[in-house]
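To keep things clear, I will list the structure first and then write my remarks on it.
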Ligand SMILES: *[C@@H]1O[C@H](CO)[C@@H](O)[C@H](O)[C@H]1NC(C)=O
Ligand SMILES: [Zn+2]
(Lines of atoms letter the chains of each structure in order from A and count residues from 1; the text may use other names and numbers.)
(Lines give C-alpha, C1' and ligand atoms only; values in the text may rest on other atoms or scores of the structure.)
(Ligands and ions follow the chains in the order given, each with its own letter.)
Protein backbone atom coordinates (compact mmCIF):
# COMPACT_ATOMS: atom_id res chain seq x y z
CA UNK A 1 0.00 0.00 0.00
CA UNK A 2 2.85 2.40 0.78
CA UNK A 3 4.46 1.67 -2.59
CA UNK A 4 1.09 2.25 -4.24
CA UNK A 5 0.46 5.53 -2.45
CA UNK A 6 3.96 6.84 -3.20
CA UNK A 7 3.35 6.33 -6.92
CA UNK A 8 -0.32 7.39 -6.95
CA UNK A 9 0.68 10.68 -5.28
CA UNK A 10 3.83 11.09 -7.41
CA UNK A 11 5.88 11.34 -4.25
CA UNK A 12 8.97 10.23 -6.15
CA UNK A 13 8.94 13.76 -7.67
CA UNK A 14 8.31 15.54 -4.36
CA UNK A 15 10.20 13.67 -1.66
CA UNK A 16 13.87 12.75 -1.34
CA UNK A 17 14.98 9.16 -1.98
CA UNK A 18 15.86 9.03 1.72
CA UNK A 19 12.27 9.91 2.68
CA UNK A 20 10.88 7.21 0.39
CA UNK A 21 13.32 4.70 1.90
CA UNK A 22 12.14 5.78 5.38
CA UNK A 23 8.49 5.38 4.39
CA UNK A 24 8.94 1.94 2.83
CA UNK A 25 11.13 0.57 5.64
CA UNK A 26 8.83 1.88 8.38
CA UNK A 27 5.79 0.44 6.59
CA UNK A 28 7.37 -3.01 6.28
CA UNK A 29 8.53 -3.03 9.93
CA UNK A 30 5.73 -1.19 11.71
CA UNK A 31 3.98 -4.25 13.23
CA UNK A 32 6.93 -6.63 13.76
CA UNK A 33 6.34 -9.34 16.37
CA UNK A 34 2.81 -8.07 17.16
CA UNK A 35 1.38 -10.40 19.84
CA UNK A 36 -2.29 -9.77 18.84
CA UNK A 37 -3.31 -8.04 22.08
CA UNK A 38 -3.49 -4.25 22.01
CA UNK A 39 -1.79 -1.59 24.16
CA UNK A 40 -4.73 -1.29 26.53
CA UNK A 41 -4.52 -5.02 27.23
CA UNK A 42 -0.73 -4.83 27.66
CA UNK A 43 -1.10 -2.01 30.17
CA UNK A 44 -4.07 -3.46 32.09
CA UNK A 45 -2.52 -6.94 32.22
CA UNK A 46 0.87 -5.42 33.18
CA UNK A 47 2.66 -7.52 30.57
CA UNK A 48 6.41 -7.64 30.09
CA UNK A 49 6.10 -5.18 27.18
CA UNK A 50 4.09 -2.65 29.23
CA UNK A 51 6.60 -2.88 32.07
CA UNK A 52 9.57 -2.55 29.69
CA UNK A 53 8.14 0.58 28.01
CA UNK A 54 6.48 2.15 31.08
CA UNK A 55 3.01 1.95 29.45
CA UNK A 56 4.15 4.35 26.69
CA UNK A 57 3.05 2.88 23.31
CA UNK A 58 4.43 -0.52 24.40
CA UNK A 59 3.60 -2.27 21.13
CA UNK A 60 4.91 0.39 18.74
CA UNK A 61 8.10 0.76 20.79
CA UNK A 62 8.50 -3.01 20.51
CA UNK A 63 7.86 -3.08 16.73
CA UNK A 64 10.51 -0.42 16.24
CA UNK A 65 13.02 -2.06 18.57
CA UNK A 66 12.60 -5.41 16.79
CA UNK A 67 13.08 -3.65 13.44
CA UNK A 68 16.43 -2.22 14.54
CA UNK A 69 17.49 -5.51 16.14
CA UNK A 70 16.97 -7.14 12.74
CA UNK A 71 18.77 -4.31 10.96
CA UNK A 72 21.73 -4.69 13.31
CA UNK A 73 22.43 -8.17 11.93
CA UNK A 74 25.08 -7.78 9.22
CA UNK A 75 23.19 -10.01 6.77
CA UNK A 76 20.02 -7.86 7.16
CA UNK A 77 21.55 -4.41 7.40
CA UNK A 78 20.23 -2.59 4.35
CA UNK A 79 21.82 0.60 5.74
CA UNK A 80 25.36 -0.85 5.97
CA UNK A 81 26.73 1.61 3.40
CA UNK A 82 25.06 4.71 4.86
CA UNK A 83 27.20 7.29 6.69
CA UNK A 84 26.71 7.24 10.49
CA UNK A 85 25.29 10.80 10.55
CA UNK A 86 22.77 9.94 7.88
CA UNK A 87 21.90 6.65 9.60
CA UNK A 88 21.09 8.55 12.81
CA UNK A 89 18.54 10.66 10.93
CA UNK A 90 17.03 7.71 9.08
CA UNK A 91 16.76 5.72 12.32
CA UNK A 92 15.09 8.65 14.10
CA UNK A 93 12.62 9.13 11.26
CA UNK A 94 11.70 5.42 11.09
CA UNK A 95 11.14 5.34 14.88
CA UNK A 96 8.91 8.43 14.59
CA UNK A 97 6.83 6.79 11.86
CA UNK A 98 6.41 3.46 13.66
CA UNK A 99 5.43 5.26 16.88
CA UNK A 100 2.92 7.30 14.85
CA UNK A 101 0.95 4.09 14.14
CA UNK A 102 -0.28 4.03 17.77
CA UNK A 103 -4.01 4.78 17.27
CA UNK A 104 -4.05 6.56 20.64
CA UNK A 105 -2.20 9.35 18.78
CA UNK A 106 -4.64 9.43 15.86
CA UNK A 107 -6.43 12.72 16.65
CA UNK A 108 -3.26 14.56 17.53
CA UNK A 109 -1.44 13.50 14.34
CA UNK A 110 -4.39 14.22 12.06
CA UNK A 111 -4.85 17.67 13.65
CA UNK A 112 -1.20 18.61 13.05
CA UNK A 113 -1.47 17.45 9.45
CA UNK A 114 -4.74 19.41 8.94
CA UNK A 115 -2.88 22.58 9.93
CA UNK A 116 -0.36 22.04 7.11
CA UNK A 117 -2.62 21.09 4.18
CA UNK A 118 -3.99 24.53 3.29
CA UNK A 119 -0.55 25.87 2.48
CA UNK A 120 1.50 22.71 2.29
CA UNK A 121 5.17 23.29 1.55
CA UNK A 122 7.35 20.33 0.51
CA UNK A 123 10.45 22.34 1.42
CA UNK A 124 9.31 22.61 5.05
CA UNK A 125 10.70 19.68 7.03
CA UNK A 126 7.87 19.88 9.61
CA UNK A 127 5.19 19.66 6.89
CA UNK A 128 6.87 16.64 5.27
CA UNK A 129 7.18 14.96 8.67
CA UNK A 130 3.41 15.35 9.28
CA UNK A 131 2.69 14.01 5.79
CA UNK A 132 4.88 10.94 6.31
CA UNK A 133 3.16 10.19 9.62
CA UNK A 134 -0.27 10.42 8.00
CA UNK A 135 0.88 8.29 5.05
CA UNK A 136 2.01 5.42 7.25
CA UNK A 137 -1.25 5.71 9.21
CA UNK A 138 -3.28 5.56 5.99
CA UNK A 139 -1.41 2.45 4.87
CA UNK A 140 -1.66 0.84 8.30
CA UNK A 141 -5.46 0.99 8.38
CA UNK A 142 -6.05 0.83 4.62
CA UNK A 143 -7.77 -2.57 4.54
CA UNK A 144 -11.17 -1.15 3.58
CA UNK A 145 -9.64 0.65 0.57
CA UNK A 146 -9.09 -2.73 -1.08
CA UNK A 147 -11.79 -4.60 -3.02
CA UNK A 148 -14.42 -6.27 -0.79
CA UNK A 149 -13.30 -9.77 -1.72
CA UNK A 150 -9.78 -8.91 -0.49
CA UNK A 151 -10.78 -6.80 2.52
CA UNK A 152 -13.56 -8.87 4.03
CA UNK A 153 -11.56 -11.99 4.97
CA UNK A 154 -9.20 -9.65 6.88
CA UNK A 155 -12.15 -8.25 8.83
CA UNK A 156 -12.86 -11.81 9.96
CA UNK A 157 -9.24 -12.06 11.10
CA UNK A 158 -9.52 -8.71 12.89
CA UNK A 159 -12.66 -9.81 14.74
CA UNK A 160 -10.98 -13.09 15.68
CA UNK A 161 -8.11 -11.08 17.16
CA UNK A 162 -10.58 -8.85 19.07
CA UNK A 163 -12.45 -11.90 20.40
CA UNK A 164 -9.21 -13.55 21.54
CA UNK A 165 -8.41 -10.39 23.49
CA UNK A 166 -11.87 -9.88 25.01
CA UNK A 167 -12.13 -13.58 25.99
CA UNK A 168 -8.78 -13.29 27.72
CA UNK A 169 -9.82 -10.01 29.39
CA UNK A 170 -12.98 -11.67 30.72
CA UNK A 171 -11.06 -14.65 32.06
CA UNK A 172 -8.48 -12.37 33.72
CA UNK A 173 -11.09 -10.00 35.16
CA UNK A 174 -9.88 -7.03 33.08
CA UNK A 175 -12.07 -4.33 31.43
CA UNK A 176 -13.60 -5.42 28.09
CA UNK A 177 -14.48 -3.01 25.27
CA UNK A 178 -17.98 -3.61 23.82
CA UNK A 179 -16.59 -3.36 20.27
CA UNK A 180 -14.37 -6.37 20.99
CA UNK A 181 -17.03 -8.47 22.70
CA UNK A 182 -18.15 -11.47 20.64
CA UNK A 183 -21.68 -11.09 22.09
CA UNK A 184 -21.98 -7.46 20.98
CA UNK A 185 -19.97 -6.82 17.82
CA UNK A 186 -20.71 -7.89 14.24
CA UNK A 187 -18.78 -7.42 11.03
CA UNK A 188 -20.90 -4.42 9.93
CA UNK A 189 -21.01 -2.71 13.34
CA UNK A 190 -17.25 -3.17 13.69
CA UNK A 191 -16.56 -1.52 10.33
CA UNK A 192 -19.19 1.23 9.86
CA UNK A 193 -18.04 3.55 12.66
CA UNK A 194 -14.38 3.03 11.83
CA UNK A 195 -14.91 3.82 8.13
CA UNK A 196 -17.14 6.86 8.81
CA UNK A 197 -15.30 8.47 11.69
CA UNK A 198 -11.67 7.38 11.24
CA UNK A 199 -10.93 6.34 7.66
CA UNK A 200 -13.00 8.73 5.53
CA UNK A 201 -12.06 11.89 7.49
CA UNK A 202 -8.34 11.00 7.30
CA UNK A 203 -8.32 10.06 3.61
CA UNK A 204 -10.41 13.13 2.73
CA UNK A 205 -7.79 15.30 4.43
CA UNK A 206 -5.03 13.64 2.38
CA UNK A 207 -7.25 14.16 -0.69
CA UNK A 208 -6.89 17.95 -0.31
CA UNK A 209 -3.21 17.52 -1.11
CA UNK A 210 -3.54 14.63 -3.57
CA UNK A 211 -6.94 14.81 -5.33
CA UNK A 212 -6.06 11.69 -7.34
CA UNK A 213 -6.69 9.49 -4.28
CA UNK A 214 -10.43 10.24 -4.42
CA UNK A 215 -11.22 7.81 -7.21
CA UNK A 216 -8.71 5.13 -6.17
CA UNK A 217 -8.97 5.23 -2.36
CA UNK A 218 -11.81 7.43 -1.03
CA UNK A 219 -14.57 6.13 -3.31
CA UNK A 220 -13.86 2.49 -2.34
CA UNK A 221 -14.16 3.57 1.32
CA UNK A 222 -17.56 5.17 0.64
CA UNK A 223 -18.65 2.02 -1.23
CA UNK A 224 -17.48 -0.16 1.63
CA UNK A 225 -19.38 2.02 4.14
CA UNK A 226 -22.54 1.64 2.02
CA UNK A 227 -21.96 -2.13 1.70
CA UNK A 228 -21.67 -2.58 5.47
CA UNK A 229 -24.66 -0.31 6.13
CA UNK A 230 -26.73 -2.53 3.84
CA UNK A 231 -25.51 -5.62 5.70
CA UNK A 232 -26.40 -3.96 8.99
CA UNK A 233 -29.95 -3.25 7.81
CA UNK A 234 -30.35 -6.93 6.93
CA UNK A 235 -28.89 -7.93 10.33
CA UNK A 236 -31.26 -5.55 12.12
CA UNK A 237 -34.30 -6.75 10.20
CA UNK A 238 -33.43 -10.36 10.92
CA UNK A 239 -32.87 -9.87 14.64
CA UNK A 240 -36.23 -8.09 14.81
CA UNK A 241 -37.90 -11.09 13.19
CA UNK A 242 -36.10 -13.39 15.62
CA UNK A 243 -37.11 -11.16 18.53
CA UNK A 244 -33.53 -10.84 19.70
CA UNK A 245 -32.93 -7.15 20.19
CA UNK A 246 -29.64 -6.25 18.54
CA UNK A 247 -26.29 -7.91 18.73
CA UNK A 248 -26.77 -11.05 16.68
CA UNK A 249 -24.84 -11.27 13.45
CA UNK A 250 -26.45 -12.47 10.26
CA UNK A 251 -24.46 -15.68 10.42
CA UNK A 252 -25.25 -16.62 13.96
CA UNK A 253 -28.92 -15.82 13.30
CA UNK A 254 -28.94 -18.01 10.20
CA UNK A 255 -27.06 -20.81 11.94
CA UNK A 256 -29.40 -20.87 14.89
CA UNK A 257 -32.51 -20.61 12.73
CA UNK A 258 -31.30 -23.45 10.49
CA UNK A 259 -30.44 -25.59 13.50
C1 LIG B 1 -7.74 -1.95 23.00
O2 LIG B 1 -8.55 -2.76 23.82
C3 LIG B 1 -9.33 -2.08 24.78
C4 LIG B 1 -10.05 -3.12 25.60
O5 LIG B 1 -9.14 -3.71 26.47
C6 LIG B 1 -10.24 -1.06 24.13
O7 LIG B 1 -10.96 -0.34 25.11
C8 LIG B 1 -9.42 -0.13 23.29
O9 LIG B 1 -10.25 0.81 22.61
C10 LIG B 1 -8.58 -0.91 22.29
N11 LIG B 1 -7.76 0.02 21.52
C12 LIG B 1 -7.71 0.00 20.19
C13 LIG B 1 -6.83 1.01 19.56
O14 LIG B 1 -8.33 -0.79 19.51
ZN1 LIG C 1 -0.36 -2.14 11.53
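Placement of Cβ uses the backbone N, Cα and C atoms for every residue, glycine included.
Binding of Zn(2+) 1 is annotated in TrEMBL for 30, 31; the matching candidate from 118, 121, 140, 156 at the same site is 140.
Shown are the binding-site residues 31, 140; of these, the residue with the fewest other Cβ atoms within 10 Å is 31. The Zn(2+) 1 site is defined by 30, 31, 140, and by the 8 Å test on Cβ atoms against their centroid, the other residues of the chain that qualify are 27, 29, 63, 98, 101, 136, 139. In sequence order, 60, 63, 97, 98, 101, 136, 140 are the residues of the chain that are 6 or more apart from residue 30 (Zn(2+) 1 binding site) and have a CB within less than 8 Å of its CB.
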